[in-house]
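These notes concern the structure reproduced below.
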């Protein structure tokens with residue numbers, strides 16, 4: 001087969017005959033395979049000269065041999081470079097390194113995401129108290145202040161604050177830097193409390209085992225529908241502050257139905273970090289996750 | 001509003017490609033963005049112009065190819081295309097759809113000098 005134009009069959013003779021037919025020279029005897037003609041190279045198409053041992057009529061246009069190996073109408077071939085790379089591939093590479101480091105330690109990492117004020121830090125403090133003497137580490141993401149890391153450290157746990165300045169989310173690089181300073185104990189729970197933001201953190205993998213979306217009952221039942229990306233990306237949703245439900249005219253079943261409408265595969269837990277309601281189920285979920293990591 | 005971070009991601013990838021392929025100027029960037037990627041094209045356009053300043057892609061045209069949203073219906077099992085994340089299944093009208101495509105955020109190709 002002619003490797004330039006793809007004409008012809010499997011044997012050399014078949015190939016040549018087919019090629020002659022195609023190029024209108026079928027009458028020519030086989031023995032008279034002429035000396036190689038040069039195809040016209042069309043610079044704009046990136047067609048290189050080729051000198052394989054059979055005749056090409058001088059007008060062939062061979063597409064797909066430029067630097068890009070493809071053709072796109074309206075784009076000049078020689079200048080087209082196929083990238084096919086995920087835009088967040090750099091972040092994903094950091095996340096993959098983090099995930100490998102976390103797995104090597106048999107640790108279980110959760111990325112806690114929610115809008116500001118859903119009670120992430122209170123939930124985390126309560127969780128740390130109830131887990132008792134287990135290895136754990138906390139990365140706190142905010143735009144400003146070390147308030148949250150201070151609250152976590154007050155429980156006796158190791159915590160590091162990452163202030164993003166103007167940034168609306170943590171990214172893989174920040175978590176790698178935090179892990180390098182924090183030191184992750186073997187078999188630990190790693191809690192990464194993301195910047196309070198129900199939109200942006202959904203897109204940035206940090207290397208966690210699961211995203212946990214926290215939604216407090218005061219936020220409104222339609223929040224999962226208004227901000228679906230976060231709930232679609234999460235493996236677990238915690239409906240927090242359920243102790244306030246009687247005062248807020250909210251329908252907890254509707255909350256749960258809306259979360260599941262966005263993500264049918266998500267688990268939902270009803271929790272009050274303040275009263276301790278539902279906390280046991282959350283701890284069980286965490287311990288099961290850690291057990292899966294082989295600690 | 002993380003279009004700025006996305007634009008920075010694009011710049012990172014372009015600069016790597018410039019080193020690998022030896023080009024010094026990008027005139028056009030084509031992206032493939034899924035319907036559910038959460039990217040606001042107008043905001044990205046703005047961020048792109050700002051972030052590319054001083055790079056090989058300064059002044060480049062940004063072109064976005066939208067990829068369809070795809071989902072699997074938990075009720076009827078059909079693989080369907082949907083326009084919005086919360087659309088009902090076009091086959092059976094069911095409301096439980098697991099999104100399986102449309103979250104892509106890729107740089108497809110570059111036109112370079």
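Cβ from N, Cα, C; glycine included.
Over in TrEMBL, the protein carries these features:
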BINDING   B:2  Ni(2+) binding site
BINDING   B:73, B:76, B:89, B:92  Zn(2+) binding site
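Mapped onto this structure are the features recorded in TrEMBL.
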| residue | record | Cβ neighbours (10 Å) |
| --- | --- | --- |
| B:2 | Ni(2+) binding site | 26 |
| B:73 | Zn(2+) binding site | 22 |
| B:76 | Zn(2+) binding site | 13 |
| B:89 | Zn(2+) binding site | 20 |
| B:92 | Zn(2+) binding site | 13 |
8 Å Cβ shell about B:73, B:76, B:89, B:92 centroid, Zn(2+) site members excluded: B:74, B:75, B:77, B:78, B:80, B:90, B:91, B:93, B:94, B:97
Local backbone state of residue B:73 (Zn(2+) binding site), from DSSP in three classes: strand
Residues from the binding-site residues B:2, B:73, B:76, B:89, B:92 that lie close to chain A, Cβ under 8 Å, in sequence order: B:2
Cα within 10 Å of residue B:2 (Ni(2+) binding site) - qualifying binding-site residues among B:73, B:76, B:89, B:92: none
DSSP three-state assignment for residue B:92 (Zn(2+) binding site): coil
